[in-house]
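Take a look at the structure set out below.
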C-alpha cells in the first residue's frame, strides 16, 4: 500500500503537540494528492507494469524514427556535398561497369523481416570485401588514404567484437515483440457478459452465451489468464544491476532493501513529495513494510526494482507500484531523523461516541486509508505513534481488513469539534425577544478546549470521542442489572412487566424508597422502604439514589443499595429509568446493561397503539419520534444496544436473547469499571 501524505493539513506539529488548528471553509480545504497504491479494494487508477518486451518495442520504434531522421538529414547533406570540389573531381572519373557489390547481394545476406522494417546482417568478411572494391574504384590519394584507415579498423579485433555485438543486438531487436495482455482476468469479463446476456432472448445473444460456455472456449480463457498473469509479473532485478545503480549516487549513503510482497498483502506505506524527492511518511500496521521492519519514516526512495524514483510525482509512483508483487528491491537514503527504538505498543479498545466518514473529512492524511465507523462501534487501536491519526481495526473486521485504518486521535477530534462549536456559536445570530415572551438569558461559556485528562466522565455539554473498553464476563452469582430506556408509549414498561411475570424466579425489581405513610396492605421492605423526609433528603445529598422525584408532596426514589440487594440475591434486577438517571448509574459499581427501546415508523407506531385502545394525535406521534432522536443524540453513548419495538412479541424474544447472551459471551464495558 503506497500513498502520498501531505503534511500540514490541520496542524503544525511540535514536541508540545498541536500549535494551531485551522478549520478552513470547504472552498479552502487542502487538496488531497494521496493516491492509494496496492490498497485493498478497487481504489485508484491502475496501469499495467512496463515489461521488457514493451520496452524493446518502444526502443525499436525510436530507432525507426531515428533512421528516418537520418535519411532526411542525409539528403540535405548530399546537396551540400555535391558542391564540394572532391565530389566534382570524383565525378570526372569514368564509371565502372560490371562491379558486383556484396553489400547489396540479398542472397548472401540475412534479411530479417520486422513489422517495421527489414534489416540486413553482414559478416566482417563482407565488409572487408566491399571496402576492397571501393579501394579499386577510387583513384585519388585522399580516398586511398581514407580507405586504408577503414581497412585497418575492420581488421582490428576490438572492432570485430563490437561488430558482432551490433549484429546480435540487431537480430534481437528485429524480432517481433510478443503480445502484451490487456487484462489478466478475462474470465471475470466473460462472466459479466454472460450476466448481461441472461435476460436477452434474441438468437444472437443465445448463440453468444452458448459459445462462451463451450468447454474449449472456457479452457482457452483459463489458459489466457494463466499466461497473462505470468506475463504481467515484473522481471526480478539482479544484484549486478542494483550495485551498478548505486554508483550513480556518489557521495550519498544508500541502503538496499528487499521485501517479499504477496499479491494479497498490501505494502502498507505512505509517501509524500519534498521537492524532487519521494519520502516515506508513514508505515501502516498490517502491511508488508511493517512486517519486514526494513522501511522507516523519513527514508527517501531512490529506486524501486531498478526504476529511478527521484523526480517523480506521487501519482507516477502510484502508477509504478499499482500491480507490483513478488520481490520488491528498494534503493533508499536512510532517514537522518534520530528516533528511539519503537516501544511495543499495547492495543487499546475504545468505543466510538461519534460517526466518522473519511470521505467527508478534508483533513484525513489519506482518504483511502481512512476507517469509517459509526457511533457505538468498538475500535481496536494498535498504534498511537501519530497522536493526531491513530491506526485501528474495527471490531469484526480484523480478518477481512489486512491494513489498519486511520481514525482521528482523541485530543485531535476534541480540539476540532470544540473549534467547530465555537465557530457555530460565533455565527449564531442573536435572536431579538418579543414583547409577550421573556428573553432567555443565555449563559456565556468560556471558550476553552476540553481536557480529557482532567475528567473521564461524560456530560451532555462535553465533547464525546472515545471511551476505553475491556471485555467483561458477568459472574454466575452476580448478574448485571438490565436497564430499559425509551420514550413513552414505546413498550419498555410492558416488556419489563412481561419478564417479571413469566420468570419470577429469575427477574426482580428494586424496592423503591418513599416518604409517604405505609398503607395497611403494604409490607415494609417488600413494597417500599418507608423513610422520613429528612433521611430521604440526606440520601439524595449523599448521591445514594439512581433517580428520585416528588408526587403529591411525597418523595419517591430508587436507591443504588436497593439494586445491589437484588443482585446479591442472585436475581437479575430489571429497571425502567429516565435518561437523566443514566450517568449516576454508570458511575456506580453496578455495571448496568442498558437497552434502548426505540419506536418503529410513525405509521407502525400508530397501529401498535391502536391495538392497545389508544388513539394518539399526529403531533403526539411526531413528538415521540422527535424525543427518540433527542435521546439517541444526547444519551446514545450510554446505550449498550437497541431494540426497535415494531412487534411486542418479537421485541420480547430479542430482549430475552440479549439477556441470555450475557451469561454465555463476554461484553465490552468501560475499563474504569474493572480498575
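Glycine is treated like the rest: Cβ placed from N, Cα and C.
Residue 492 (ATP binding site): 24 other CB atoms within 10 A of its CB, across all protein chains. According to its DSSP assignment, residue 492 (ATP binding site) is helical. Sequence annotations record features per position, and here Swiss-Prot assigns ATP binding site to 486, 487, 488, 489, 490, 491, 492, 493.
Annotation source Swiss-Prot lists compositional bias 'Basic and acidic residues' at 54-79.
Per-residue pLDDT, averaged across the domain 'L27 1' (120-177), gives 81. What Swiss-Prot records for 120-177 is domain 'L27 1'.
Sequence annotations record features per position, and here Swiss-Prot assigns domain 'L27 2' to 179-235.
Positions annotated as domain 'PDZ' by Swiss-Prot, on the basis of sequence analysis: 256-336.
Among the features that Swiss-Prot reports, domain 'SH3' is placed at 345-417.
Per Swiss-Prot, the feature domain 'Guanylate kinase-like' maps to 479-660.
Residues or ranges marked as region 'Disordered' by Swiss-Prot: 51-79.
Residues within less than 8 Å, Cβ to Cβ, of residue 493 (ATP binding site) and separated from it by at least 6 positions along the same chain comprise 484, 576. Apart from 486, 487, 488, 489, 490, 491, 492, 493, the residues listed for ATP, the same chain places the Cβ atoms of 597, 599, 645 within 8 Å of the centroid of those Cβ atoms. Within the same chain, residues at least six positions away from residue 487 (ATP binding site) with a Cβ under 8 Å of its Cβ are 599, 624, 627, 628, 631. Fewest other C-beta atoms within 10 Å: among the binding-site residues 488, 489, that description fits 488. Cβ environment of residue 491 (ATP binding site): 597, 608, 645, 648, 651 lie under 8 Å away, each six or more residues apart in the same chain. For residue 490 (ATP binding site), applying a Cβ distance below 8 Å and a minimum sequence separation of six or more within one chain yields 597, 598, 599, 624, 628, 645.
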